[in-house]
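Colleague: Got a structure for you, questions after.
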Amino acid sequence: MTTTEDHNPLRTNRAVGLLVVLVLLCWAFLLAGAGMGMSISKMSYPGIVGHRTGDAPMMDMPVAGPGPMRVLGMWWGMMLAMMLPGIWTHLPPDTQAGRLPVWRLASHIAGYSVAWLGFSIAATGVQYGLVSVGLLDPMKLWSTNLILSAALLVCAGAYQFLPTKRQSLESCRNMKGATPSFFAGLSYGRTCLIATTPMMGLLFVGGVMNIYWIVGLTIVVTVEKSLPSPGWFSTVAGASLLAAAGWLLASTI
């Protein structure tokens, strides 16, 4: 039985407000430099620039590089800024109508965030590894190796055509009826990881803190998860990434 409280507009506004505030805070953190002590505008450039360092914007060198916890915080904040906007469309209608307590939505977001914390820990390790072998610029955080950049583009593009990708997107849609909870959010986060991890790897191509790439990837993954039939979109995205890899390799000939 539906009660007046179930349709309480205040509860609806609180649920919407919670998500909006979290998204805005994450984006504000990111645009402020994500605790890295560097200007994001000086780490951003449209296109792939790691192999043409003369075209890149200059930036001041900090006295010492950020520690691993700051790098982890940067990755986690960035992932939440990119991925939280798409979570609302996959919540059940009852939640969107404000018929569930706000704390339940908060626990769902917490579980989702923990899944991306796991990814961020792995990404931090990969970043340090790539920097240590000279494949990633330690300051601008984009690939300095053409083969690495092309390989990441090919992997992300080819993944768009694999059954695993399609199945993970289908699982995202099937989860819409689940009651929000910490473990439901964790499960949904795991599914999102399967669907988008190769795409997130492209941040190493364009630049981990490159706002152009961050916004572009946010739009792609949000649209792809929100479309009722995303197959055509995944195909176009995959073909575009493969074409970009081909163009990158051809440009050096």
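Backbone N, Cα and C define each Cβ position, glycine as well.
What TrEMBL shows for this protein is this:
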type: TRANSMEM; residues: 15-36; note: transmembrane segment
type: TRANSMEM; residues: 69-88; note: transmembrane segment
type: TRANSMEM; residues: 109-130; note: transmembrane segment
type: TRANSMEM; residues: 142-162; note: transmembrane segment
type: TRANSMEM; residues: 200-220; note: transmembrane segment
type: TRANSMEM; residues: 232-250; note: transmembrane segment
Colleague: Run the contact check on the transmembrane segment (69-88) against the transmembrane segment (200-220): 3 or more C-beta pairs under 8 Å, excluding pairs closer than 6 in sequence.
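Modeller: Contact between the transmembrane segment (69-88) and the transmembrane segment (200-220): present.
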Colleague: Would the transmembrane segment (15-36) and the transmembrane segment (200-220) count as touching if the test is at least 3 Cβ pairs under 8 Å, pairs 6 or more apart?
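Modeller: Since 3 or more Cβ pairs under 8 Å link them, the transmembrane segment (15-36) and the transmembrane segment (200-220) do come into contact.
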Colleague: Grab the same-chain neighbours of the transmembrane segment (142-162) for me: Cβ-Cβ under 8 Å, and only residues 6 or more beyond its ends, written as numbers and ranges.
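Modeller: Contacts with the transmembrane segment (142-162): 48-51, 53, 130, 134-136, 198-199, 201-202, 204-208, 210, 234-235, 237-242, 244-245, 248-249, 252.
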Colleague: Counting only residues 6+ away from its ends, which parts of the chain sit with a Cβ under 8 Å from the transmembrane segment (200-220)?
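Modeller: Non-local partners: 30-31, 33-34, 36, 38, 40-41, 43-50, 74-75, 78-79, 81-82, 85, 119, 123, 126-127, 130, 136, 140-143, 148-149, 152-153, 155-156, 237, 241.
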